[in-house]
Amino acid sequence: MSNLLALVVGFVIVIGHLGILVNGLGVNWGTMATHKLPPKTVVQMLKDNNINKVKLFDADETTMGALAGSGLEVMVAIPNDQLKVMTSYDRAKDWVRKNVTRYNFDGGVNITFVAVGNEPFLKSYNGSFINLTFPALANIQNALNEAGLGNSVKATVPLNADVYDSPASNPVPSAGRFRPDIIGQMTQIVDFLGKNNAPITINIYPFLSLYGNDDFPLNYAFFDGAEPINDNGIDYTNVFDANFDTLVSSLKAVGHGDMPIIVGEVGWPTEGDKHANAGSAYRFYNGLLPRLGTNKGTPLRPTYIEVYLFGLLDEDAKSIAPGPFERHWGIFKFDGQPKFPIDLSGQGQSKFLIGAQNVPYLPNKWCTFNPEAKDLTKLAANIDYACTFSDCTALGYGSSCNTLDANGNASYAFNMFFQVKNQDESACYFQGLATITTQNISQGQCNFPIQIVASSASSFSCSSYSLVVLIVWFLLSGMMF
């Protein structure tokens, strides 16, 4: 009996250590980075943290190979720049054959969804994909059906929350409607999803309600005590619930009030704005996850919600056009190490996730401002050059390195460039303004990182990154080829 008791206690301890993930919780795995972790390392990290659902932004062959046999549920994706091609049914069938059917075997990849585009109706795209998205969606789902996969793999379109809104005269969730300029396309999409028993996918970002809007009530972006907004007797105490239910009302208005909804992206960045930091991210997730863990839902959908957190890792090669925070959505740093306590079980415990194992780093070398430099007239131009080719978003207002002095700013910029260039000695010259040191030059909360050894499987290679930023640099400098 004592042996049995010990076995039971040991089992309970193991289960307690591993944790039980919030039902239906997944993560977005983006790969827009100059130095990527090996895909197999990332897959193991997901498994170590009991994350069993992952949403991709493509169907990269190396990534898919790493996912094979893992048992993880996978949402593969067709990027926006391929939507026009997918309006051809033959091309759609070929894509399904190469990226879905190919992995449909025991020990293959457990593909459950195909994301057709990513936020294709964003206003910033100026309508580029409005008339391509529905034909692409229909062709992909029909190709899945023809391949005999339609019951287990569903096509969906991840949409930004700007596809719906409430009128300024009645800004409450119950008045939610799809945007007038895309109501026709949205009705087509929703009707088609309904016929194929597929969900609609929406990306909700409470952080963006705060960003650049000092009039937005800060607490309303979180889950812990905002002044409620009343909508016909329903109190909304946070923008996530209000946003989600605005979609529910929009769906109801076009005859699909019961359509399943996936939250394709939701998260909080940790750098690049005064509200983007680890403390705020902890507060946000510590409010969101316990709600999901109890299947609390929202006032109009008071049940289970399928959610994919955004994102898994920081991505230093993403565009910062939306804002400097765009490279810092990860719950893990670029090297797979956790940033802040987060309890994916929804139990509200203050514990760190398990980081990536056996990550290879470059040597302990930094590039710093040369205090003996004489000609400082070229300093500003060299800092601009370094930041064009690397990620200096931590230097921005409200960010972790915002308090550095002029020399510190130069050192940070030079070091980020040096690391992106794999610590090549020629990348720490800057017309005599920089020098290499083996002393860690981090200051306070401002970390001067050492880059990881880039995965040989990286599809977004440093050389391709350099080509892109070189073109940008020439354009910024007004130079001609």
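Glycine residues also receive a Cβ, built from the backbone N, Cα and C atoms like all the rest.
Pulled from Swiss-Prot:
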type: SIGNAL; residues: 1-33; note: signal peptide
type: CARBOHYD; residues: Asn99; note: N-linked glycosylation site
type: CARBOHYD; residues: Asn110; note: N-linked glycosylation site
type: ACT_SITE; residues: Glu119; note: active site, proton donor
type: CARBOHYD; residues: Asn126; note: N-linked glycosylation site
type: CARBOHYD; residues: Asn131; note: N-linked glycosylation site
type: ACT_SITE; residues: Glu265; note: active site, nucleophile
type: DISULFID; residues: Cys367-Cys428; note: disulfide bond
type: CARBOHYD; residues: Asn409; note: N-linked glycosylation site
type: CARBOHYD; residues: Asn440; note: N-linked glycosylation site
type: LIPID; residues: Ser455; note: GPI-anchor amidated serine
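Everything Swiss-Prot records as a feature, shown here on the structure.
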residue : record                      : DSSP (3 states)
Asn99   : N-linked glycosylation site : helix
Asn110  : N-linked glycosylation site : strand
Asn126  : N-linked glycosylation site : coil
Asn131  : N-linked glycosylation site : coil
Glu265  : active site, nucleophile    : strand
Cys367  : disulfide bond              : strand
Asn409  : N-linked glycosylation site : helix
Cys428  : disulfide bond              : coil
Asn440  : N-linked glycosylation site : coil
Ser455  : GPI-anchor amidated serine  : coil
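Rounded to a whole number, the C-alpha distance linking Asn126 (N-linked glycosylation site) with Glu119 (active site, proton donor) is 12 angstrom. Taking the Cα of the residue listed as 'active site, nucleophile' as the reference point, the closest of the recorded positions Glu119, Cys428, Asn440 is Glu119. Sequence-distant contacts of Glu119 (active site, proton donor), defined as residues of its own chain at least six apart whose C-beta falls under 8 angstroms from its C-beta, comprise Pro158, Leu159, Asn160, Asn203. Separation of the C-alpha atoms of Asn409 (N-linked glycosylation site) and Cys428 (disulfide bond): 15 Å, rounded to the nearest whole number. Separation of the C-alpha atoms of Cys367 (disulfide bond) and Asn131 (N-linked glycosylation site): 49 Å, rounded to the nearest whole number. Asn131 (N-linked glycosylation site) and Asn99 (N-linked glycosylation site) have their C-alpha atoms 24 Å apart, to the nearest angstrom. Comparing Asn99 (N-linked glycosylation site) with Ser455 (GPI-anchor amidated serine), their Cα atoms are 22 Å apart once rounded. Summary: among the glycosylation sites (Asn131, Asn409), the fewest other C-beta atoms within 10 A of the C-beta are counted at Asn131.
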